[in-house]
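Asks: My structure is below; once you've seen it, I'll send some questions.
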Number of protein chains: 2
Amino acid sequence: MATNPLLSGDSRFTIDNIPFGVISTKQDPTPRCAAAIGDFAIDLAKFAGDSRLDSIIGQNAATDIFSKPCLNSFAALERETRRAVRAALQLDIQDELIPPHCLVKLADVTMHLPFSIGGYSDFYCSLEHVQNCSPLAGVANIPESWFYAPSVYNGRVSSVVPSATPIRRPRGVYHGPDGKPVYGPSRALDFELEMGVFVSKPIDFASVLDIRDVEEHVFGFVLLNDWSARDLQVFEMKPLGPFHGKGFGTSISPWVVTMEALDPFKCSPKTKQNPAPFDHLKWPGPAGTFDINLEVELIRAGKVVKICSSNLRYLYWTPYQQLAHHASAGCGLSTGDLIGTGTISGDNVAEDGRKTELGCLFEATVGGTKEAELSDGTRMTYLEDGDEIVLKGTCGVKGGSAPFVDFGECRGIITPALSS
Amino acid sequence: MATNPLLSGDSRFTIDNIPFGVISTKQDPTPRCAAAIGDFAIDLAKFAGDSRLDSIIGQNAATDIFSKPCLNSFAALERETRRAVRAALQLDIQDELIPPHCLVKLADVTMHLPFSIGGYSDFYCSLEHVQNCSPLAGVANIPESWFYAPSVYNGRVSSVVPSATPIRRPRGVYHGPDGKPVYGPSRALDFELEMGVFVSKPIDFASVLDIRDVEEHVFGFVLLNDWSARDLQVFEMKPLGPFHGKGFGTSISPWVVTMEALDPFKCSPKTKQNPAPFDHLKWPGPAGTFDINLEVELIRAGKVVKICSSNLRYLYWTPYQQLAHHASAGCGLSTGDLIGTGTISGDNVAEDGRKTELGCLFEATVGGTKEAELSDGTRMTYLEDGDEIVLKGTCGVKGGSAPFVDFGECRGIITPALSS
């Protein structure tokens, strides 16, 4: 086993993981589907073209499913079929049967958006985050509605980009130093630590989703950075909610970690819900979320500094509840729709008094009114041009015998605003 | 001329109009592009297949553009090319050169969504509407931001449906009679009289739009009914804006009226903007909007009653300003993106004291607290199961020598909520 080049202990993607994504290379610039193992991508168009998946999904798999520039056709297959594809890949990896011409080094691939995304919605479901943000947004108490249904808005699909896409500082309207509205480059650029959920099986328009069936409808998870311009956002929020304050860029990690890979990390949420949720949002078991460790790094002037850590299970409303709520009024959901979990903050306080689990700078800088102090003494308020933010996520511990899953990275660097 | 069967004075679509849409028929259920004239659709896949547009857009027009199930490929062509197609159609119609096998009676076609819609945003830009709604939503004054930029939220693309699609009453969370939150069928179902704008030339992610170029980016206009569940909406609005209260259905008229057809109806907006808009929202001329007469009818128990009339030019922020604002933060816009103008209300008071230009029942019933009285004495609050709402729109006067343009209809009937 130790000599299997795909199963090196140092490499990023373990046999427990097998995430899916969309790749291209210099030699073959046509985007197509892939899976990741070790430090390699398996080109699934080529792999299926070699008839290695015919027994599972038929002879046209390469053309109809894996040669597409998105995972939508694959994700629309029955869950059992997708499971079988993943299991077949795992077997062939272990038996060293992946044909070499199907393997591309991760260092040599360009990653694309994994899905053709028809809808993108973003939630607001961390109790710690809403507790911290409400007073800063001039809201004395958390709205009652927040405790009765997961709070959510529609995001802007055209602004969802894969990791490594530069994020241009947006121009917009906000209150200038003298209190008068001005139009100019945002002065309060922020990140938000979130995860994203991709829908597999669709839900018809005018239909709803029984929460007991929710797992059938989730393809997998990615890291998601909901870049935010706080000055634009505060100016525009009343009464219709965020628009340009969020709509200039949302970055996602390009490898989608499947429900199968996450299965060993099922757990209960951190917080008991009170009041008890309505029946249609009640999860019929204890393990309704996942234990996913999250981390944010800032790269400023070449120096890497950790900004915060967090965990998906901190969310008050779980991703399953979010999806059930989303479907409950009949809007319909399509394969490839993306759901942002909302910023995931925690309440840990370090020995030196610093809050280490605040998932955005709006919280860490108390609405931009004071500097945040990072673990190495770095002081910062909002993001500067040239700053790079890196989101990371893992399940389990690397190198042991128990399963370990790495989400890869979600990166973005801030570029200057247009001059006009 | 009088004998040309496509130019009958009684028929719906005049030679001044030539709207575009997507049709199918019983005989040929594959959706494809069409134009409308008189009481007929011109099947553009067949028309181009006869090589009648080769000189304008080449020999592959039928396959590459008009055989598609949406107008996106056509709308992505240069404006001059689209103009030439329209002019060629007008000439052939007048010269009775449209081959009979390309004509289908409108009564025999099924209409589909005209575009594959990647993004749908909905504005809130009528001063009368915001003046009437703000106090009902517990907002004492119109937010200052409303006067500095067109207010807007992202809508739900999956819920945009063509006219005649039934609208199911949604279930959702709202305050029950005892003030406690309940989950059940909406009791405050409303329509909203709007128009929709379809984008032609795209605007790249991280780029902006110079308002002087805006006409290049608009394909045309449709009627749009932004169905609203006021109880769900009021419950969920704070702080992220509308979601399920709007996301269960948005109906549009299926024939898109082009900028060319609307050209004779350019006019100035009703209201002078104060404060003056920022430079990037300043329209460089007087005629920044269109004189489009709008009307809403209710069909209840077989009886047709007019609910209100209005006009696009009443909007405080014009569609061009909306588009320039939409693009200003770099979100990117794609061909086929849909922009809702927001409810278009006016301030006319009839001799009997009734306000006749309120574009939704939330206004006409003062937030559901009193019955609205219609012109024939009908009294109503919100929509009941079985109610049908019909939006109509016209420019000019039918039957004269001056141009006349009819938008057709945008209909929807309310069906009962799911039982659970």
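Positions of Cβ are set from backbone N, Cα and C atoms, glycine also.
Unlike curated entries, TrEMBL annotations are predicted automatically.
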Asks: Please pick, from B:Asp213, B:Asp226, B:Asp279, the residue that TrEMBL records in the Mg(2+) site together with B:Lys246, B:Thr250.
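Replies: Site partner of B:Lys246, B:Thr250 for Mg(2+), according to TrEMBL: B:Asp226.
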Asks: Among B:Tyr120, B:Tyr124, which is the one TrEMBL gives for the substrate site where B:Gln233, B:Thr343 also bind?
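Replies: Between B:Tyr120, B:Tyr124, TrEMBL records just one in the substrate site with B:Gln233, B:Thr343, namely B:Tyr124.
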Asks: On the DSSP side of things, how many residues of the domain 'Fumarylacetoacetase N-terminal' (B:17-114) fall into helix, strand and coil, could you say?
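Replies: Helix, strand, coil within the domain 'Fumarylacetoacetase N-terminal' (B:17-114): 42 helix, 22 strand, 34 coil.
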Asks: Please report the DSSP secondary structure of B:Asp122 (Ca(2+) binding site), reduced to three states.
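Replies: Note: B:Asp122 (Ca(2+) binding site) is in a strand by DSSP.
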Asks: Express the distance between the Cα positions of B:His129 (active site, proton acceptor) and B:Glu194 (Ca(2+) binding site) as a whole number of Å.
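Replies: Here the two Cα atoms lie 11 Å apart.
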Asks: So which other residues, same chain and not among B:Asp122, B:Glu192, B:Glu194, B:Asp226, have a Cβ within 8 Å of the centroid of the Cβ atoms at the Ca(2+) site?
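Replies: Nearby residues not in the site list: B:Leu193, B:Leu224, B:Asn225, B:Ser228, B:Lys246, B:Thr250, B:Gly340, B:Thr341, B:Gly342, B:Thr343.
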Asks: Taking B:Glu192 (Ca(2+) binding site) as the reference, which of B:Tyr124, B:Gln233, B:Thr343 (the binding-site residues) have a CA within 10 A of its CA?
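Replies: Near B:Glu192 (Ca(2+) binding site), where near means Cα within 10 Å, the binding-site residues are B:Thr343.
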Asks: Could you check which of the binding-site residues B:Asp122, B:Glu194, B:Asp226, B:Lys246, B:Thr250 is the closest Cα neighbour of B:Gln233 (substrate binding site)?
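Replies: Nearest listed residue in space: B:Lys246.
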Asks: Measure from each Cβ of the binding-site residues B:Tyr124, B:Glu194, B:Gln233, B:Lys246, B:Thr250, B:Thr343 to the Cβ atoms of chain A, and list in sequence order the residues where some distance is under 8 Å, or 'none'.
Replies: B:Tyr124
Asks: Around B:Tyr124 (substrate binding site), how many other C-beta atoms are within 10 angstroms of its C-beta?
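Replies: Cβ-Cβ neighbours of B:Tyr124 (substrate binding site) within 10 Å number 21.
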Asks: So what sits near B:Asp122 (Ca(2+) binding site) in its own chain, CB-to-CB under 8 Å and at least six residues off in sequence?
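Replies: In sequence order, the residues whose Cβ lies under 8 Å from that of B:Asp122 (Ca(2+) binding site) (at least 6 apart) are B:Val152, B:Tyr153, B:Asn154, B:Gly155, B:Glu194, B:Asp226, B:Lys246, B:Thr250, B:Ile339, B:Gly340, B:Gly342.
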